[in-house]
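A.B. asks: Below is one structure. I have some questions about it.
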Amino acid sequence: MNKVEITGTGSYVPPKIVDNNDLSLIVDTSDEWITSRTGIKERRISQGEDTSDMATKAAIEAIKDAKISVEDIELIVLATVTPDSFMPSTACIVQKNIKAVNATCFDVSAACSGFAYAMDIAVQFIRAGRFKNVLVIGADTFSKILDWKDRSTCILFGDGASAAFLQSGEEDQILSTYTGSDGSKGDSLTCPAVAVNNPYVDGVTGTIKSVVGMEGREIFKFGVKVLEKSVKALLQQADCTLEEIKYIIPHQANYRIIECAAKKLGIGMDRFYINLDSYGNTSAASIGIALDEVRKKNLVKKGDKILIVGFGGGLTYGGFILKVNL
Ligand code: UT7
C-alpha cells in the first residue's frame, strides 16, 4: 500500500467582511444574540466570486506550497454543495483555470463534511496506487443559496475555499480516516435543486426556490453526537489517545456545539482550533481553512498529530488524523 503525505495547503476567503451589526440592519437580530448562540462575530461574503473562483485561488496556494508543477496533478476532487453549475463540474472549471491538463476531475457532495470525504477519496486512490498527486478542494459560496430574510440561517454561514495537496511519499501521514451518513435525517438541512418538469408530467409543477432550510436544534444535537463518535472512531483506528492529539480541528459551525462535544469527551476547549468567530460556517471549506491556518501560523511542528472532523447536510460526518511532517 502506498503512503500518503500532505505536501501543501491553501485557502481563500473573499475580502468583504460582514459583521453581526451589519446583519442586524437586514434581519431582526443582534450582535449579542449571534455571539452568545454561535460564537460567530463576522464572516466573509462574496461580492460576485463564484465557488470555482475561490477554489482556484485556494488551489494555486496549495500547489505553490507543495512546489509541484500543475502538469503533475493527476486527480482533482472538489467538495461543494454550491457548484457554479450542474455541468461542467466545479472541479473541471478549476482544472481549466489552473491548466492541470493531465487531471481527472470530479465534485463530491457532502455539505460541511465534504473536505473530509474528499480527503478520504484522495487517500484511498493514492494508497491503491491509482494516482500519486492529488489536489483536494473544499469550496462553498453559501451566500448564493441563503434566504437573506431568514435570520435563523443567514447569520451562520460565510463563503470560502480551502485546498490540500496529497502525494504518494515516504511516510504515511494519514493515521486514520472515517466517514458516515444518515440519509434518514436529510430533511433537517436542505437546499432543493430543480423540479421534474417536462411535457409528460401530469399537473402543474410549482417552482422550487434553491435556498437553505434548516431545523437548527436537530442539527445541533446531531453535530454534538457525531463529533464525539467520529473523534472516538478515529482515535481507535489510529491506535492513539486524545492526549497524543495536539489539536482537534472541528467543523466550524457553532462554538456551543464544540463546547458540548468537549464536555462529552472530557477535554477543555483549548484542545480545539477554532476560527468560526472570523469566518462563520464556510461549509466544505471550513476544516481546510482551519488546517491551513494552523500550519501557516506555525502552531504545529513535525510529529504533531491533528484530528480533523466535519459534519453537515446529508446528513454526513467524517474526518481524519494527520501526523504533521512539514
Ligand atoms: O454545518 C451545519 C450547519 N448548521 C448548524 O450548525 C446549525 C446548528 N444549530 C444551531 O447552531 C442553533 O440551533 C442555532 C444557532 C441555529 C439556533 O440557536 P438555538 O439556541 O437553537 O435557538 P432556537 O432556534 O431555539 O431559537 C430561539 C429563539 C427563537 O425565538 P422564540 O421562538 O424563542 O421567540 C428564534 O426565533 O431565537 C430566535 N432566533 C433569533 N433571534 C435573533 C433565531 N435566530 C435568531 C437570530 N437573531 N439570528
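Just so you know, glycine gets a Cβ as well, placed from its N, Cα and C.
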A.B. asks: For which of the residue intervals 157-161, 237-241, 252-256, 282-286 does TrEMBL record region 'ACP-binding'?
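C.D. replies: Here TrEMBL associates region 'ACP-binding' with the stretch 252-256.
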A.B. asks: Whole-number Å distance between the CA of Cys112 (active site) and the CA of His251 (active site)?
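C.D. replies: Cα-Cα, rounded: 7 Å.
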A.B. asks: What's the number of neighbouring CB atoms sitting within 10 A of the CB on His251 (active site)?
C.D. replies: 32
A.B. asks: Does DSSP put Cys112 (active site) in a helix, in a strand, or in coil?
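C.D. replies: In the DSSP reduction, Cys112 (active site) maps to helix.
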A.B. asks: Calculate the distance in Å between the alpha carbons (Cα) of His251 (active site) and Asn281 (active site), and round it to a whole number.
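C.D. replies: Cα to Cα, His251 (active site) and Asn281 (active site) are separated by 8 Å.
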A.B. asks: So how many other Cβ atoms are close to Asn281 (active site), meaning within 10 Å of its Cβ?
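C.D. replies: Counting Cβ neighbours of Asn281 (active site) within 10 Å gives 24.
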